[in-house]
Amino acid sequence: MEESLLPVYIHSAEYVELCDNVQSKVPRRASMVHSLIEAYGLLKEMRVVKPKVASMEEMAAFHTDSYLQHLHKVSEEGDNDDPETLEYGLGYDCPITEGIYDYAAAVGGATLTAAEQLMAGKTRIAINWPGGWHHAKKDEASGFCYLNDAVLGILKLREKFDRVLYVDMDLHHGDGVEDAFSFTSKVMTVSLHKFSPGFFPGTGDVSDIGLGKGRYYSVNVPLQDGIQDEKYYQICEGVLKEVFTTFNPEAVVLQLGADTIAGDPMCSFNMTPQGIGKCLKYVLQWQLPTLILGGGGYHLPNTARCWTYLTALIVGRTLSSEIPDHEFFTEYGPDYVLEVTPSCRPDRNDSQKVQEILQSIKGHLKQVV
């Protein structure tokens, strides 16, 4: 593939507006992210592609018809106390809001559009920052996720690429994606996440390794609060080096949730965009077709800072430290700079424990045939 192929950036005004209005957990986040990327002049370094909207049939590649039909129904009629609603995981952390089905179809369609660009050889890197909703199950919404666009993207890529690697750097375990592929050896899932009693979703211990034919094809890296860039990168590189050699992927899907960044209301990890960027750079040097998704990130200016920095890294641009004037400029006070400073929180990741986890993972990967 020609190196001159520009990265693809999935975007349309309608898509951003839908994400802004329906994502009640992160209102206007999609606009903030896009505006900062645009303000730094990064759009001209990419090919902007308008996303399609996923059909019910396309979403049913993973989700059950009954779940999708119920989501469609409550999206139009509102929640009429239907007992099925709770069974489908709707309510609580996945509130029913008007237009939720259209939003799910838009995010799913955007990730499918990105995957199709990669499959057609039109680019080597395709980005859908409003995507990455990794908790949704086949017939159940979960953890703010109504549709698992990451799974849909992987399934689409599998139509062309025999082995697809999924790497999840969100603060939370990528349980929905792991579950979807836990029985196959064609998709390896790697998740680095906080693992602590009572912390959602409560899965993803190092001993969770997949089932049946997929045994040893689920890789979990359970981490504790306070981890910073250097240690995170050492762990990430150590795991991905082994994974790449063992699995030999043909395409990669990366979920880069920004709830690991210092200042996030989750108050857990203590990362900066540079730390995540180093991990991203490591994956990109494989020169494989790579689909990039967002995910969590509840400190909205820091999420925009993070994904803008990562976008610049992808296109090979160094950004000025000063936030450029744009629609959301006032949100970046009091210092109005791109950098995020780690807090003074202690790192709870004991070096010996981390080494034990890495040894465990290496042992599991040796079992991969």
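Cβ atoms here come from the backbone N, Cα and C positions, even for glycine.
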Exercise. Of ASP82, ASP93, ASP259, ASP264, which does Swiss-Prot put in the divalent metal cation site with ASP170, HIS172?
Worked result: ASP259
Problem set entry | Integer Å distance between the CA atoms belonging to TYR298 (substrate binding site) and ASP259 (divalent metal cation binding site) | 6
Exercise. Using DSSP and three states only, what is ASP93 (substrate binding site)?
Worked result: coil
Exercise. What does DSSP assign GLY143 (substrate binding site), in three states?
Worked result: coil
For this session: Tell me the Cβ neighbour count for ASP170 (divalent metal cation binding site), meaning other Cβ atoms within 10 Å of its Cβ, over all protein chains shown.
Result: 24
